[in-house]
């Protein structure tokens, strides 16, 4: 086996021969990362990406200055979807090592699950993987129900059934109950709702290849909230939380839904489909109805929902929407504590009325007259949250996945958002 390359940290600048902008230098003993105190975690992550680019696949994090956050920053940049990498971790105290191990187990699960090809990961497989992950960290404190196919239609989950019926792989709703109290009557503290579209062709509003080639990742919201619940459990979550994953393929077939179809939801809302590529909100609506019925203190939904959020924020931030200023502030504080990028975008009462239909109460997409696509999508979802003005957060997961590598990240999933949501759940 190749000897490990030693990676050490220094607060001194690199030798002048490396240039004044050098963030790392190479010597006979290995590679030194030169921290400047401005953005040390980002510097470590970017350096790790460069080290991986050199073809170095076995490293040892050595010397002083390493902690769980710095080790994790290195791994975020070093990990990539192709090939294998080995890291020999530094000595950490028990709490720091446990934190690092939990991140490696759970957030790597999120990244690997999002990166999985759609042929391998259908709606049923996604739901089962989520059950397996949560059960692994919570054992006997978890119960769950999986509803699929025609049972969804019979039980009134019309959004999920409508979107998923065009695929040979049946749509699936996972309802998972994490109840550490052991009391079946214990109140539900929070509900997490995730969009789990395991492949999104756009349906009859078909995507171009350039927009479809990454759509195996359209279940990123479901993976993120699953990982968040698992991670919160490892951090000692002692309150009851329910997880709802709305899983389906959005494909074209003789049985697929069409423009002009009208969906009637269990809360009485009627929605006209005018864009089959705005399917995420249609499946999330079913999950939000179930979440509202639990009367929790908070509901958090996460979805790779709109291109508009990516237009606004790129792949660098998750977009946050809420009518509840206090709760939004708490999530942003959690994001700051976890060093994860979130940015709040506008959501106002008027966005709820910017989806007019001539044939139903709501249209599932905006129009040229109302171009704020990410905000109107959030406004659409609010119609399925019973008390939408309090206790509800919507996360449009624009930072979940990168089609191409950048200086800090390989191509593929990032795992961003897991720690922030877990932090909020355990605060």
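Cβ coordinates come from backbone N, Cα and C, glycine included.
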Q | Residue from 120, 272, 279 that Swiss-Prot also lists as binding Mn(2+) 2 with 195, 200, 218 | A | 279
Q. Who sits close to residue 279 (Mn(2+) 2 binding site): which same-chain residues at least 6 apart have their Cβ under 8 Å from its Cβ?
A. 163, 197, 200, 203, 248, 250
Q: Starting from the Cβ centroid of 195, 200, 218, 279, the recorded Mn(2+) 2 site, name every other residue in that chain with its Cβ within 8 Å, sequence order please.
A: 163, 197, 215, 219, 248, 250, 280, 283, 303, 304
Q.
Around the Mn(2+) 1 site formed by 200, 277, 279, which additional residues qualify by having Cβ within 8 Å of the site's Cβ center?
A. 163, 197, 201, 202, 203, 205, 207, 215, 218, 250, 276, 278, 280
Q.
Just to be sure I understand the packing, how many Cβ atoms besides its own are within 10 Å of the Cβ of residue 207 (active site)?
A. 16
Q: May I ask for the distance between residue 195 (Mn(2+) 2 binding site) and residue 281 (active site), taken between their Cα atoms and rounded to an integer number of Å?
A: 8
Q) Within 10 Å of the Cβ of residue 218 (Mn(2+) 2 binding site), how many other Cβ atoms are there? A) 29
